[in-house]
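Noted in TrEMBL for the protein shown:
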DOMAIN    A:493-576  domain 'DYW'
REPEAT    A:5-35  repeat 'PPR'
REPEAT    A:36-70  repeat 'PPR'
REPEAT    A:98-128  repeat 'PPR'
REPEAT    A:129-163  repeat 'PPR'
REPEAT    A:261-295  repeat 'PPR'
REPEAT    A:332-362  repeat 'PPR'
DNA sequence: ATAGGGTTAG
């Protein structure tokens, strides 16, 4: 019974290949007494998946018989290895094509961003199935053509979970988070429409819009579905919790992910780094090195960010200069920017500027933003002006820069320049954007502008604010805590958080700014039940005085990172 | 045995 033997051998080869054991697979293949077409196709696929293109080509040429599967396998292999020209030639030469072959070449064009060619193939295809429809759908989404994608989605003869996930992910990646959420909710009407990717995508949207409540609810569904340990879902959860300021929950999820991949590690390392937990970030980097997962350039961004945010200048510098040797990762502009930020924050402004001059890349917007921020921390008008001007030349639409420059001139008494800047702004029709802060209460966003009392609950907010004012002036953390306790009757969990994010413009009077922050904080405390975090957002540097308002953990979110205060102690010490 | 969606940093 030779066919049965071949079947067993073929299964063995497949098994080895699935576990990445190419050599074992080859050994079995070579010793097979009789090979059938499946054996040849399987080993061909193995070579291609391992990037052994010359070997694959040899096998393909040596095959005693080729069928449409053999041709499609090598076609797909070329595409996966980035050889689109070769793939095209194979596709044209194939004696017989089936729907797999057509879909493969279609996918090749989509993957290479050649949407017009993909469209042509899609129209020419003699037979289409749901795979083909999903590929073209994804093609439109990848090119930002959301309306076209929507038309395809409506037109397709039927839709499966991949179609739904493509829509959710596509809208999210193109910045239409509202539509992404709408599609996710629509998908939840039928369990069949959901898969792990749908959850990963929607969680990514939650991270993007900092939808903590919704994210938590979705986490609940994920647990119910038993997929929280899945890598892609787990990674998205970790990222969502990090973005929402909840690093502890993020770590809880991270711990439980099965088969952590490089993204899992990157997410937690970068999460710790953004939250100012430099030591934890570096510890996880060390743990990562104990695994078989190789750090990549994003890992190094996290490591350098960790050093930068915690003032580990020497350590950061060392990581930067040895990353090529230690991990085979050549520093790119991202890493240079991290190092510039590191030096800048540490007040080593000259070194930072020299690095900008000597690095092998053109400085980009991030570079100048780092220098700008360094100039603010260390009060260097000269550097600030230069950085702001450079940034303005790259981002002329960035209206806040005009305001910033004008303030900078004002601060050093250069009234002529202030006037010029103001004229320029007027000429360009730039009006000062009004500072605002917002708070989410059960996923509803409440926005407050400075001195704006149009919110329906304004009256009670003001009353509460007065009470808050009395309590906030120079009171100790302890008395504040007991006051809150009294007010809430129930005990507050120590994990309760404020996430504060500065939305105001720097030039606003401090009192006004403070006032505005208080409006949201007050509203948040009033409306958000105890046991839930109060998330308040602002977009510039946060105000340290806010530490006073709590005898519990405060998380302050400013431009790109989080500051943790626990019992009045800042987790980065005196290093802002 | 051959085809689709995949989460991270900025």
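Just so you know, the numbers here start at 1 and follow the chain as drawn.
Just so it is clear, glycine is given a Cβ too, placed from its N, Cα and C backbone atoms.
Bear in mind that the values here come from a model prediction, so they are computed numbers and not experimental data.
Same-chain residues lying 6+ beyond the ends of the repeat 'PPR' (A:332-362) with a Cβ under 8 Å from its Cβ atoms: 297, 300-301, 304-305, 307-309, 311, 313, 316-317, 320, 323, 370-371, 373-375, 377-378, 380, 383, 575. Within the repeat 'PPR' (A:261-295), the DSSP-based counts of helix, strand and coil residues read 25 helix, 0 strand, 10 coil. On the 0 to 100 pLDDT scale, the repeat 'PPR' (A:261-295) averages 96 in the predicted structure. Counting same-chain residues at least six beyond the ends of the repeat 'PPR' (A:129-163), those with a Cβ under 8 angstroms from any Cβ of the stretch are 99, 102-103, 106-107, 109-110, 113, 115, 118-119, 122, 169-171, 173-174, 176, 179, 192-195, 197-198.
Residue counts for the repeat 'PPR' (A:129-163) under DSSP, helix first, then strand, then coil, are 26 helix, 0 strand, 9 coil.
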